Amino acid sequence: MSETYGSKSVLSSSEVSFPRGGATALTPLEVKEISNEATKDVLFEAANSAKRTASSKTDRPAKKARRAPKKKSQEDADEAEEDSKVQIENITFKSLIPGTLVLGQITAVGKLDITLALGDNLVGYIPITSISEELTIQIEQYEKAEDSDEESEDEEDEQESEDGKIRTATLKSKSRPEFPELKTLFSIGQWLRAKVVQPSSSQNQNQKQKKRIQLTIEPETVNQPLEDEDLIPGNALQCSVKSVEDHGIIMNTGRDGLSGFISNKEIKNTPDLDVEILKPGKVLLTSIVSKSASRTVNLRPIHSTSVSKKSAVTSISSVDAVLPGILVDALVADVTKNGLIVKVFGLVDATINLAQLQEFDFNALKHKYAIGNNIKARVMAVLTRAGSKKLILSHLPHAISYTSTASNPDALEAFPIGHVLEDAEVVGSDPNYVFLKFGGSILGQVHNSKIDKDKTLEHDFNLGSKHSARVIGFNSIDNLLVLTMESHVINSQYLHASDVPNGTAVKSCEIIKVLPEAGGIVIKVLDEFEGFVPGSHMSDIKLVYPERKFKVGSKVRGRVLSKQGNKLVVTFKKSLVNIEDDEVLARFEDAKIGFKTPAIVEKFVHNGAIVSFFGNLRAFLPKNEISETFVSNASDYLRLGQTVNVRVLDVKQEEKRMLVTLRHSSELTNTQKSSIDDLQPGKSIVTVSVVEKTKDSVIVELEGNSLRGVIYTGHLTDGNYEQNRAYAKKLSIGEKLEVLVLEKDLKARTVIVSAKKSLIDAAKQDAIPAYFKDIKVDNKMLRGFVKSVTNKGLFVSFAGKLTGLVLAKYATSNENEDLLKKFYKYQSIACRVINIDEENKRFLLTLKDVNGSKNIDSEAVVNPVDTSKKLIGDFVPGIATKAVIKSVKGTQLNVQLADNLQGRIAATECFNSWNEIKDKKQPLSQFHKGQVIDVKIIGFHDAKNHKFLPITHTRSNKNIILELSLIKKDLESSTPYQELTFSSIVPGSQHIVFVNNIAKGYVWASLSPNIRGRISFMELTDNVSVFDDLENNLPIGSAISATVKEVDNEHHSVVLTARKNMVASIKDVKVGQKYPARILKVRDTYVLVELGEKVVASAFITDALDNYSDKLESVFTTNEFATATVLDIDTDSEKIAVSLRTDSPTDKVINSIADLNRGDVVKGFVKNVANNGVYVSLGRSVHALVRVADLSDAYLKDWKKYFKPHQPILGKISACKEEGRVLMTLKESEVSGELNVLKRFDDLVVGEIFEGSVKRATDFGVFIKLDGTLNITGLCHHSQIADKDVDNVTSLFGEGDRVKVKLLAIDSDKKQLSLGMKASYFTTGEETEGETDDIEMKESDDESEVEESEEEEAENDEDDDDDEEDEEEDVEEKSTGSLSGLATNGFDWTASILDQAEDDDESSDEEDFTQDKKSKKKKQNIVEDKTADLNTRAPQSVADFERLLVGNPNSSILWMNYMSFQLQLSEADKAREIGERALKTINYRDEQEKLNIWIALLNLENTFGTDESLEEIFKRSTQYMDSLTMHQKLVSIYSMSEKYYQAEELYKVMTKKFGKSISVWVQYGSFLLDRKLQEETHEVLAKALQTLPKRDHIEVVRKFAQLEFSKGDAEQGRSLFEGLVADAPKRIDLWNVYVDQEIKQDNKSKVEDIFERALAKKLSRKQAKFFFTKWLAFEEEKGDEQMAARIKARAVEYAQSHK
């Protein structure tokens, strides 16, 4: 080791002998020092800094000292010698300049920084960003995740995507990084090396008055001075944890290419260190164990116990390599009263102050540390003094051994901060500190700034003297208590502001400053602490001029409210200041149930208020605990900042929550409980005395028991609101009142009472009901009061919260009268019960009879059938009488009991048993008009609402008729009629029910006059023939014997079943049997049906369709019902095959080969397409093969694309000898045979419409093979393809494309046909029925595979118009675009799909179109066939569209093509259905796609529907889409279809509804100008200026001016623009638009005039350049070279004058 040191270091001890100072002349060594200084060799500068002779006291420069005379007196020599001595250093704030390295110990770990003790009672702070590189990376990752979260949240808000939100939340929970927690990385007492850095600017701003030492402990910073030579065993290296591996920890040393490693063994040997707490980012001070050649250093924690003896560092590469934390051998050079002067490494000066020795006796020092002795010491700091390094060392045991706790850890516990020491003995001192001893062996230090100003260290604090001191802190580095001997601090009651307990009364608070606008008061508390009084706490009342009451310098009593940092928050409120100390509540632990204390209302919440106490302690005050009365809103009774006396009601220790009350008492006494039990609502009349008056009530106290009660103001008298308010004001506290108890509130511990005389009198007559059982239907008058009033009626309350309803029609005779004006809350009411709902415990009341109307019961009956009855009142429920049948309905008999009394008998009340019913379809047909029958009154029936009213109801209007019964048991019974209720219906019970109606797969039937049930079609009958004509087989009123399956209480209905033989499993199904079936699923080749619960069957397409030309999805709909015939049952696989065909099918079903004969023409469906041909399904188990040679008479180049699975085809059987060997032919010549099904050339007629396939496309036209003919082909010339000529035919059509054509001409001689495809040929839709059928059939026969169409994508692209620079063109585009009507979304609803593609191509910009054509032609030259296929392939049948929609259900283009396809076939209803399907199918997020469908439906209804259907669609669209957009689309449709009257009416509606939108007015103006209505346009502009806000006037006038130039009168446009530029001359954009309009008008003089005027305005250089450039371009275009030269000269002149 010594050899290494000698070879590497330039400071070998044998090289230079360092003299010990004191020379009076320059020595050779000093000459060498000067030389080294000139070369800035820091090593020798530091080594010789002790020998400099410059006097620090006289501040003489070093050079002057060297030039001093060599001869000096002995006195000068002594002085120089004394001055040259090294001063004992202490760590001070000034000495810790940026760059200083120190050793410290962690005393606190915060969330964002670490507090590090540095010695001499100084502390520094390490920000979280200055700890380690790994920790900084974690923070950056966290911030990046936070930013991405915010961005994703913003995107979710814009898209309003619920699925996106869930997905984002999932990602966050899985991978979101966490913010590092410093407390898990660092521990109190840990030693660290740190470097002082310059505080950040933000800290300097925020802490201008507070000194703060900012540190960094990053390894790359604190290890920077070390060289490779210094990485020797025993040296200290600070590292951060990089990663945790299986065998140890990889450490980051802060040096490039060098990493550290701590083994698990070393970690186990280190106290207070575990692998679990070693996380990436943690910083450790380590000791080097060894260094390997692989750039890895083996380390151990600095306080590891694996090495018992601490070895000192013996060699360094330079002075800079001496870093805090290393253990060194120090040579004692001198012993002074203030400490030791030592030398380290033979040349570096170092000092050890008394605090680091803790030996204060000078003699003991000299004895213990003799000059020349070596001692071990720890480097604590490396200071820089005048360019030299100064070391501060420590010789304390805990610093040398790196123990995390001081040698005397109990010092602070024995003498806590604030403790006063009476006899502390002075044991030593230095220039900065006095050291005291007390408590036996405990030491403390007092800084010279902490003694009284009138005392000095030299005279007043001699060794052995004793003094009083106070503990103010603990110096963990020096292991000393920090003390103060200032008298005022020792005698102070509190050491810090934080020591002052919350709630402490302060007798004198000195006013320092009163802040303006009641902002608060700055005060001085206890003559030393700063305090603040908030504006709300200056007084119990609001002070307008607080400065008048609180003068600066005056003293006021206060009480500490809380603390804010080092400030005390004080209250001056007398309600808080003048309370007793035992009433103060400042800690949650002191809160006890029943404790009474003042509180401040802090804020109002939903159900009450939050109140606060001292120390920011808070509690919840529920609104029902604010007063004995009902409190709706806490803010009505309390105000913010109000002091209230509360009582603690409940304390939840775990949740730290407290509940308080303002109520008088929380519990009732036994006497009160007994008294409240004796009170009966509606009966008890008591005497009370008034104890309190509130805003809306009077608090009273019952005599004899002190029970509290509440009288609401409206209950004081029977008078109105004003009278009650006046009476309440007159009431005096203590006044006696007689009241009636209305209700008891046991929870609120009060009773609600009323002083209304009408209620008290009624209670004395026992006429106030309190319970529902007291309510009866009679003529008895009841007294109550209005609880609430609505437009529909009154709620009237009685005692015990019993409340009934008075409907509006029963409240007043005038139906139009406003109830809210006639009635008011708490109004006294007299009423009568007219109806009771026993099941729901509700009843109806009426006021009419009370108000003097005639009682209907007293009216005489006219010509009664039962002559024993004289009055209507004689006909009451329970009475048997006679009636005559007036008419027989399906579900009831209408009868008459007298000329003025009607009745009805429901079908359920007509028959005693099932056998009595003779005709089950028309049960009531056995009764006849005029028949007199015996009946019993069972209740009433509301004819207006068709409701049965029970026996408790009474007649109150003409709509009420009698409900009667014919059932024998009711006639003979003397007991009241027992109506059927849901609770009395038992599942399994039998009932005779009568059909009411049939809807949505259910039969609804009546069990009684008031109860209905439903029977599913599946459970209706075993006889499926009923379903053939359900309406006639099961008419309204039909009787059904049904069994109750279950009671549906939620929907108030009964689920019934009428089937005897239910299908519960496959075993219950029989072959050949017919069953009712519900459609479950409809697929391409089969239908799934349900025969019973969990019993499912399937019907193959041939067994499901009567006509094979139909589609399954068009015949069958999910959840509909059908009759299923069982064909086969496979019990092993539990599969059932059924047939859904009717008894009269169109196409024959093929069940086996026996059903086939050679030559039969049959229909089937393509099963699959193979290489050898097409396999066709003729039946469920019968298949045929069509060989390739038999597919067509013509040669098909690519025959497979003409056939696809499930396609219906027509063919002839050519062989059927055995099962599996059935052959078919599709050749038209063979299929037609002698039948002559297909048309020949001679059969063709001009004007016929055909569908066909493209055989070949040429430049001059398209050759098309016609369906339904004997291989006949015609030519469609390119001029007949569309209404506009087509240039490139081959790019639009490909072989096999399906088209629709009209026969235009026939050349019989040449056997040639001329065909046409123009859309106008198909608008009439006058195709014959036979032709339509043929087209549909052939359409299905020739379905081909559909590839994705590039044409659709082209249409989508072409919808986006290029932006125009000219603003006038913008206006035109907006107005004309919105007026495009039928073409709004690129479709002409009367044209073919091909025409749409052409129209779209032509409507796009010419430039783009040219480019598209070029690219298409280029493609065609390369791959001719594919280009044609890609550009022209389009769906040609329903199946094609349905298949495409499965893959792209959200494409509005596809849906509208589908609608257009149906419209071409004159199927407007199907097109509507498709549109409705599209609205339900398209995802709700695709608003534009839905908008397209709505516009398509509007187009459809406008062209093919009625005004009513159009209006209905339009209203629906405005509910789902933006209303303005839909109005604009409809008005465009009207304009396009030349329905100008409807368009104008709609524009008027739009200007009223959307008058604030500029686009509406501009669109309206454009519409009028298109019709040359200039005057009307001017009126519209005038209205727009009246309606729109002023800020929009310029914009709307500008756009109208542009419209005038483009569509109207240019002179009018000029007038408008002249007005604009006059009103807003600084709006340069207006000049630009103006000149553009004139350029289009080609008026040269006016254009030049505008340019002249515009350039005369104050323009920026950029604007002027724009106008000059535009003017020059205009003149050059006109060819005026002279004017162009003039403009250039003017531009140059302008540029020079505006530099």
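Backbone N, Cα and C define each Cβ position, glycine as well.
Because TrEMBL annotations are produced automatically, they should be read as predictions rather than curated entries.
Annotation source TrEMBL lists region 'Disordered' at 1-22, 49-85, 143-173, 1322-1384, 1397-1421. What TrEMBL records for 7-17 is compositional bias 'Low complexity'. Taken from TrEMBL, the feature domain 'S1 motif' covers 99-218, 325-396, 418-486, 503-573, 594-663, 682-756, 779-848, 873-952, 983-1059, 1072-1141, 1159-1227, 1247-1318 (among others). The compositional bias 'Acidic residues' annotation in TrEMBL covers 146-161, 1326-1372, 1397-1409.
Residue counts for the domain 'S1 motif' (1072-1141) by DSSP state, with H, G and I taken as helix and E and B as strand, are 8 helix, 37 strand, 25 coil.
Under DSSP, residues within the domain 'S1 motif' (503-573) fall into helix, strand and coil as 7 helix, 37 strand, 27 coil. As a whole-number mean, the pLDDT of the domain 'S1 motif' (325-396) in this prediction is 88. Across the domain 'S1 motif' (873-952), the DSSP tally of helix, strand and coil residues reads 12 helix, 36 strand, 32 coil. Per DSSP, the domain 'S1 motif' (779-848) is made up of 11 helix, 34 strand, 25 coil. Sorting the domain 'S1 motif' (594-663) by DSSP state (H, G, I as helix; E, B as strand; all else coil) yields 9 helix, 35 strand, 26 coil.
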